[in-house]
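A.B. asks: Feature annotation from TrEMBL assigns transmembrane segment to 34-56, 77-97, 109-132, 144-171, 183-204, 225-247. Positions annotated as domain 'Cytochrome b561' by TrEMBL: 40-247. The region 'Disordered' annotation in TrEMBL covers 251-270.
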Amino acid sequence: MEAPGEAEGAVGPGGRRGGLRCRHPVAEMLDLPFLPFSIFLGGLGFMCVAFVSAWCQHWRGGFALDGGLQMFNWHPVLMVTGMVVLYGAAALVYRLPPAWSGPKLPWKVLHGALTLAAFTLAVLGLVAVFRFHNNHGTPNMYSLHSWLGLATVLLFSCQWLAGFSAFLLPWAPAWLRALYKPVHVFFGSTILMLSVASCVSGINEKLFFSLRNGTTDYKCLPAEAVFANTLGLLIILFGVLVLGALARPSWKRPDADSPDSCQPLLTAER
């Protein structure tokens with residue numbers, strides 16, 4: 001019997017597919033190692049958080065917890081940090097080279113913890129915007145942005161509960177976990193795309209509401225508009241790069257030899 005790394009098209013130790021399948025020299029040149037990519041992506045995620053925080057602090061008056069105008073500013077910061085940056089980091093946990101060998105369980109726990117942290121920030125972001133709206137008599141849930149954002153958070157909650165039940169609790173049989181895994185991966189990417197769309201539409205909506213009535217109109221492209229538009233482009237770039245990394249075959253974790261790839265959390269050996 002052929003070893004897994006020697007069969008045609010099998011994944012080798014470096015994440016490269018070995019055997020009889022040849023690679024074009026251009027493909028070899030473009031096969032960027034994951035480590036420098038992850039460093040760049042981490043810097044880009046930090047820029048997204050820094051930009052949204054600077055926007056709310058410098059142009060929107062800062063932050064507060066009193067239900068006033070500054071209460072709203074927590075909403076974009078928490079949503080970008082949680083639903084885009086932390087969620088994107090959680091999606092790439094299994095692409096980290098240390099996760100490729102040894103037990104998979106610690107990486108399952110890390111993935112679950114990061115997504116739970118992202119969900120917690122998203123819920124706090126929703127609390128901030130609903131409290132602001134209620135205190136100022138602003139209607140809730142009337143815009144496309146609000147519909148898309150709430151639908152994304154609800155889908156995220158279902159995804160987390162289903163993933164926790166299937167992969168970390170003992171009652172799900174191995175065949176069910178294997179059947180659900182591609183569904184989990186698909187909706188994971190879908191939620192990230194919806195999160196990016198929600199954040200970008202929210203930035204655009206906020207600019208339309210804020211840059212009027214005595215301020216420089218949005219159409220005149222004042223400094224705040226340029227800055228916030230740049231934030232939107234950074235968020236889109238971050239999301240695209242995460243999805244690209246998830247789709248890259250050479251960065252996918254080979255699961256065949258993992259001793260606990262189907263092992264739930266509560267039955268793990270101590």
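A Cβ is built for glycine as well, from the same backbone N, Cα and C atoms used for every other residue.
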A.B. asks: Would you kindly list the residues that approach the transmembrane segment (34-56) from elsewhere in its chain, counting only those six or more residues past its ends and only Cβ-Cβ distances under 8 Å?
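C.D. replies: Here the qualifying positions are 15, 62-63, 73, 76-77, 80-81, 84-85, 88-89, 92, 95-97, 224, 227-228, 230-231, 234-235, 237-238, 241-242, 245, 251.
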A.B. asks: Do any residues, 6 or more residues outside the transmembrane segment (144-171), come within under 8 Å Cβ-to-Cβ of it, and if so which ones?
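C.D. replies: Sequence-distant neighbours of the transmembrane segment (144-171): 79, 83, 87, 108-109, 112, 115-116, 118-119, 122-123, 126, 177, 180, 184, 187-188, 190-191, 194-195, 197-198, 201-202, 205, 264-267.
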A.B. asks: I'm checking region-level scores; what's the whole-number mean pLDDT for the domain 'Cytochrome b561' (40-247)?
C.D. replies: 95
